[in-house]
Amino acid sequence: MAADGTLVAGAPASAANGRANTMQRFARRRSTIAFLMALPLIALIGGLVVYPAGYAMWLSTLNRRMTANIGLGNFEILLDSDTFWMVIWQSCIFAVGAVIAKALIGFWLAHMLHHIPAKGQRKWRGMLLIPWVIPPALSTLGWWWMFDPSYSSINWILNIFAVPAVPWLGEPWWARFSVILVNVWYGSPFFMIMYLAALKSVPDQLYEAAAIDGATGWQGLRYVTLPMMQNIISITVLFSLIVTFANYDIVRVLTNGGPRDLTQVFASYAFQVGILSGNLPRGAAVSLFMFPVLAVFAFFILRGINRRNREQM
Amino acid sequence: MSASTASTIASYTGKKLGSLRSERRWALWTAYASLIVATIIFLAPPFYMLVTSLKSSAEISNLSGNPWIVRAPTLENYMELIANPLFRGFFFNSVIITLCVVAISMVISVLAAFSLARMKFWGSQALATGVFLTYLVPDTLLFIPLYQIVGGLGLLNSIWGLILIYPTLTVPFCTWIMIGYFASIPKELDEAALIDGAGWMQMLTKIFIPVALPGIIAATIFAFTVSWAAFVYPTAFVTTPEHMPLTIGVVSQLIRGDTFAWGQIMAGALMAALPPVVVYAFLMDYYIAGLTAGATKG
């Protein structure tokens, strides 16, 4: 860093002597102090993230009473059970369906927000971000009440348009749809905000140049906006895939896994097996099934962010 | 001749301008229409929660008529909840947990971000990457081993267990965005401070913290909202009602048996959601800066 070297070199030798010593001592002490300052963080990550991760792997190889090591027995039992395969499918349907919908809605809304006069944007943005601000466990309670079989206020509205009542949480596919719907409602504002920030960073000159070359609005979107936002879009989508894939609270409050375990995702199933039924090792095994998928997503996010940093430099 | 060309050009550009203008008007109308529809859908659930919370049980169970309006508004549900010692306990627990977690996270992350952004040491680059990776670890991945660890420390059914574990949710992201803010401070400032004989601690408290204050506010808001809304850990670690924070308390304790007191549940959920919404309403720009910092900075 510049602070040590350049300063000393520039100063007159006689005056520099005393200062050089302090500077050197500074530099020597610097990395020790830096390490000490980062120590609480290192302790936190080591003790409460890395250690539990290793512990989870060891835990998942034990039997139910945690008295004997059964190797990969828990994983074998899980892969043999039909319920667990339903969980895998439901997690994938849930994550992919919800993220695609969130990304599209978020992109659309960001565009619409970007097009209205700047004066009104703040107000609209403020209102549209509210679903993201309310803790999801609590807003899902509201949705649960709106889906209530006998008092559903959504069905009441559908009734006006002569649409028959929908069994929101009763039928498996409707329940799956409802869980995704609530997640989309909660998560779209996040995409909207991320895309809006990205849209604002696209220089206007690019659009002007495209307009002079005779580009239509669609072409502007295809050849200017999307390439410029590509990185943010992929980072946001991957990040949301991780969070959605590991989601727990919406499923827990809305369906609690029902009907017949058909809306269980990894997290809620791990909770049911591990904590509620008391089979901690197998619950840990269920959670660990998420790990490879999350690791792949995380790898690509990191690559995207590094690439973005290089572009900005 | 020249006059006629001029007029045709004028009429041509006029027509073109007119079509452009109408195109733009159409775009504007589409924009407003989509925003209005989206706002109605996005705000319908909280609105319906508010409407329900203002109704008496009799009005809620009355199936005739529009459920979206309230005929005889009453604050009875709110009054009952405020008078309920259990609910006040939830609130109190949430406040203590959140205050402690915010304080702990900010101290840890500001110190670590300062050292990672300015005072490199062996392995600091790897640590910065590690911080970001930990941010990507979802809470549902590790709650079972953490359950065992918290249990081993004898902190199940206690708010201290939650205070110990919540920083894993907040610290990585706070550190990450603080690194971004600190790194954007010009190096000339620290050089000037060094020449004036400031120590590292003085440099941090006298220069970095004041200059990066917007970042610190954004990180504090993030830590606050995350620990207020945390759900997985309290659900796993706390089963005794008197130690529950608001989220799990409202979800598990206000729902009892088969007859749901919907008015009270909605009133409880709204009151529990109020603090983050108020913070958001007053500090929206910082909130959004914190939200977008993760991907645009760093």
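Cβ coordinates come from backbone N, Cα and C, glycine included.
Marked as domain 'ABC transmembrane type-1' by TrEMBL: B:91-283. Feature annotation from TrEMBL assigns transmembrane segment to B:26-48, B:90-114, B:126-147, B:159-183, B:204-231, B:261-283.
Contacts between the transmembrane segment (B:159-183) and the transmembrane segment (B:261-283): absent, as fewer than 3 C-beta pairs lie under 8 angstroms at sequence separation of six or more. Highest Cβ contact count with the transmembrane segment (B:90-114) among the listed stretches B:26-48, B:126-147, B:204-231, B:261-283 falls to B:204-231 (criterion: pairs under 8 Å). Counting same-chain residues at least six beyond the ends of the transmembrane segment (B:204-231), those with a Cβ under 8 angstroms from any Cβ of the stretch are 94, 97-98, 101-102, 105-106, 109-111, 114, 118, 139, 162, 166, 169-170, 173-174, 177-178, 180-182, 185, 189-190, 193, 198, 245-248, 251, 275-276, 279-280, 283, 286-287, 289-291, 293.
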